[in-house]
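Per TrEMBL, these features apply:
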| type | residues | note |
| --- | --- | --- |
| COMPBIAS | 627-640 | compositional bias 'Low complexity' |
| DOMAIN | 479-625 | domain 'IFT80/172/WDR35 TPR' |
| REGION | 621-640 | region 'Disordered' |
| REPEAT | 47-79 | repeat 'WD' |
């Protein structure tokens, strides 16, 4: 039965492809490509793609990229908004076929006596010259390891993907045959051969472990011992993605997500409504020691967060929601679960960071940078790197945005990235080495300073004196700025004072000094929170400790007049103090009171500054007495 006629035109449709969500269709019209949504009255996207007739198209559901091939002897890669991402050199003959691998990492190109294997960014891995005539169609096996080509001479050509490379520190692993790998240690040139019963489908080398999935089993090798792998059977077989963290690894197959320990023990299997595992890739799934993050495909503004140990939603079960579509996500790898952060790049190419733990209150999403194309967290400490327009940037302590946003620019390293050409991609960030893949497929290695990583290590073990000594030895502003933010985050105000003095932030040194002279522990805590911009939390700390006047005073100091009066009325105290400060404030600017609430409470009230000052003195004395009594009761072994 004919359901509907999508399009009618005067030129033949040589090729057609479904969109990733099956709601759009891509087809050819001479030299033009057309994306037609199935909904009536929806906007049709059309653009001139080639200088010759377009013979073949393909659209991948995982990476949302489009391939086109034409009689102008070129193949091209486009995004779904018709922006060109790659344009090949002209070949000798028309390109007759193109096809994406299922996982969207590779694609194959067929022409006359020509078969080419390319990376998703367009550069070529391999070129074969089989005696086949033109290859008119290419199909990939579901596991992405083999292709079949329909040839002009009546034959079918079969090919297998081999010679894949994986690198980690001093180890290099190569898939030499379909069922064999070679491991080379570049330090001593030792070579190990690994043989498998079935053909290798996916592999990953990281955190001192090599994880290999074959068509039926999963092998886990330790870099310390290549002879005795841990082997377990797979539930479905075709693994499309392997992700590793320090303690465990994640396998994604056609139906589920599985988390295993490096001993081969099954840990958990997270699930969420409408989950489609066939379209997950390394950009939309992230793994750390305690958290799994997955970007939703149905609504790309949402990230689901799961506890790694149980597979249940994290915290109160709320997902993370952003105002724009999210393209790439990455969890930091070190530190405590409560401090876990997730960085992501959205559709506008803004790099944002937010906390993973979500209990009740909405966590703030803070923008770290704009025009960021690719990002990676370090594997040993929470340092983030990214490529921003024509700059290579390292955020030595991204948490600074939660502590003191003013000094964030001082905690960065910036370098020129113009040598990486267009559309580079960060492959890994291991130790103090960042590996970047350029658009032509070549790898570039950048070494960053080793000192910030040492500083992170000292701070995580609370070795503050060693951290200060290190900064004095290195004599770099970025190190002092990082230490200042780390010290405030860990409530070590003595170290913070030294670090802020070293970067010339004298106003902050004076404020820290004033915090030290405060009588009670709660007041100090509240003012440290104020220092980091957490006004509501500071107020809660003071109110819980019964320091109502101090809570009112911080709102007066910040000119939050509404809130100051609200607290005074609620707790029936210091209403006259608030009104007096408000009157003084208005007199300074020569203004009249217009706020109805203030006019209502000021009716018939005479302001006596002597009386108010006496009340304030009493509050401060009371706080001192409370603080000293709680300390003395502690020293006697009593509970205050």
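Cβ atoms here come from the backbone N, Cα and C positions, even for glycine.
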Under 8 Å between C-beta atoms and at least six residues away from its ends: which parts of the chain pack against the repeat 'WD' (47-79)? 14-20, 26-28, 30-33, 85-100, 102-104, 107, 109, 111, 120-122, 278-281
To what whole number does the mean pLDDT across the domain 'IFT80/172/WDR35 TPR' (479-625) round? 83
With DSSP helix as H/G/I and strand as E/B, how many residues of the domain 'IFT80/172/WDR35 TPR' (479-625) fall in helix, strand and coil? 111 helix, 0 strand, 36 coil
